[in-house]
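**Q** Among the features that TrEMBL reports, transmembrane segment is placed at A:12-29, A:49-71, A:91-116, A:123-144, A:201-221, A:248-268, A:288-313, A:354-375.
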Amino acid sequence: MLGMNKNDTTMLLLVAALTMLAPFILNPFPTDSGLAQFNAGYPDLMQRFVIFGIFAIGFNILFGLTGYLSFGHAAFLGVGSYSAVWMFKLLAMNVIPAILLSVVMAGVFALLIGYVSLRRSGIYFSILTLAFAQMSFNLAYSVLTPITNGETGLQLSLDDPRVLGVSQTADGSIPVTNLFGLEMRSTFEMVVGPWAFQFNAGYYLCALILLAVFYLSIRIFRSPFGLMLKAVKSNQQRMNYTGLNTRPYTLAAFVISGMYAGLAGGLLASMDPLAGAERMQWTASGEVVLMTILGGAGTLIGPVLGAGFIKYFENIFSKINESVLHSWFGALPDGLEDLLVTMVYPFVGKGWHMTLGILFVLVVVFLPGGLVEGGQRVTAWIRSKKAGGNKPTSTTEPAE
Amino acid sequence: MGILEVKGVNKRFGGLQALGDVNLSVKENSVHAIIGPNGAGKSTLLNCLVGKLIPDTGSVMFDGQSVLGRAPYEINQMGISRVFQTPEIFGELSVMENMMIPCFAKRDGAFEMNAIGSVLSQKDIIVKAEEMLKDMNMADKRHMNAASLSRGDKRRLEIGMCLSQEPRLLLLDEPTAGMARADTNNTIDLLKQISDERDITIAIIEHDMHVVFSLADRITVLAQGTPLVEDEPQNIRGNPKVREAYLGESG
């Protein structure tokens, strides 16, 4: 279907089902139950899942295929957000021109930074990209205040000179982002018994865009261009002595992944029209590296899984505080309860980074192929059980 | 006038004169061997031919065009393919994919942005790669990971990859180094067959005298960075200067 083989089609359909049904899948617990805090099916978080999924899919085109590890991809995310907010301020509240400008601007930045950084490979390339990203971050924070509004961040105001639109709505408030009139924040709530499922317009726009760019990434992986990128990762020497110029291949991959990042930044701003310099900070660049490796670098679906995994942790685990823990262990004798709370507390709430760190170490050590490899091992194990307890004979390879 | 003309090439690394006034002429459609003891400058000379090193002085002309100052990929596109001492292949890719990449390089040049069409829709490339795999007796290994091939098969694959570019000059850097006798003989047979069946010039750097005397039409002996003699194999065997510089020690 659509020029893809059976496996890829299945994978695309799987991602389509997951994203379209996310409001149900992420809301398994009734709203009044104790487990409701593990529900992730609210618009803000669901938008983050898919937007960072897009970011990671793009990052994977560079890192997963060519092996060039960029530590500065958040710069393009930031550029995308700033471009989008400026588009809202100057042109219109429609998200389409904003998203287009984000992608184009991020592409231009990626071309400049990539052209210089790709003169080196390995650790030097990583350091160069990190340096450029930190430069962008610091510029956005200080010197470029007229464009970026410094540490406050760029926001909409009541006197924006919006060419195609109004500066203020009739009731004197800032207009909201929309897609040809469909407001991004509009949410339809469906109540089924004790459950409440939320369907948000902004989320579905992001999800459709994710599907489109996921499909594009499948095509890139399977194309001659994708094959050349894998060859760059495998053996640059052989590439050069086979008459192939590696520089334009890596630069094209860098620009494409930068544009994915810009798209993600533009979508972030479209959902919530503000942009801050912290979006470009090195921790944000590191996060997308974590997502890709955790999910499975070089695999198609891995980055999406990694992004969802990390964003879930960041938003759900971080909300478990001391009183929640006490309510969990409340049935136990007092001494035991306090002991358990003290033991668990460092790993949840503000300590969620610790749990994430431990999980990351475990994945890298035991599942170098990331969550995707974990999934493959489980399926292989189930198959071998079905086949009569035979040991799996196939070796694990990244699914592509 | 040979297809490859090296004139007055000098290359110095600090205090070491690696190549001193090297002149070499490789005739079209011949097999030319370059031999010499360790440190004679064989690899330095080869690296000067493919753009990895730039000589301090002198000229290297391939088919009437200078190769100096060009990047390795440009020199390759001119028609010079190189086989490395340790096989350089795409270990993580399948044997078939390995063979398709040089076919793409031949058809599309140094860079082609085809990011949407599927590799599987490139029928001409697939046909060509499959033919070459058949020629190399590797058709049954097409789905294997290239890294899992035996040493001899890696060498065959690398030679096949070079040939699928239809080069005019094939450079081989000690192609049988570290191989078992059987693999060495297979490689000799393969190279003989290539030289007989194809319109191709072969220049080979080799340590193994058995390989050199089985293949070469002409031999250049390098010693201390300078060509000592250039002659036909039967004359090289008996040459006292060569015996002294090189064969003397190994018989």
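Cβ coordinates are placed from backbone N, Cα and C, and glycine is handled just like the others.
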**Q** How about the transmembrane segment (A:91-116) and the transmembrane segment (A:49-71): do they have 3 or more C-beta pairs under 8 A, pairs 6 or more apart in sequence?
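**A** With fewer than 3 qualifying Cβ pairs, these stretches do not touch.
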**Q** Counting only residues 6 or more past its boundaries, what in the same chain has a CB within less than 8 Å of a CB in the transmembrane segment (A:354-375)?
**A** 290, 293-297, 299, 301-302, 305-306, 309-310, 313-314, 317, 346-348, 396-399
**Q** Thinking of Cβ pairs under 8 Å, which stretch from A:12-29, A:248-268, A:288-313 has the most of them with the transmembrane segment (A:201-221)?
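**A** Comparing A:12-29, A:248-268, A:288-313: A:12-29 has the most Cβ pairs near the transmembrane segment (A:201-221).
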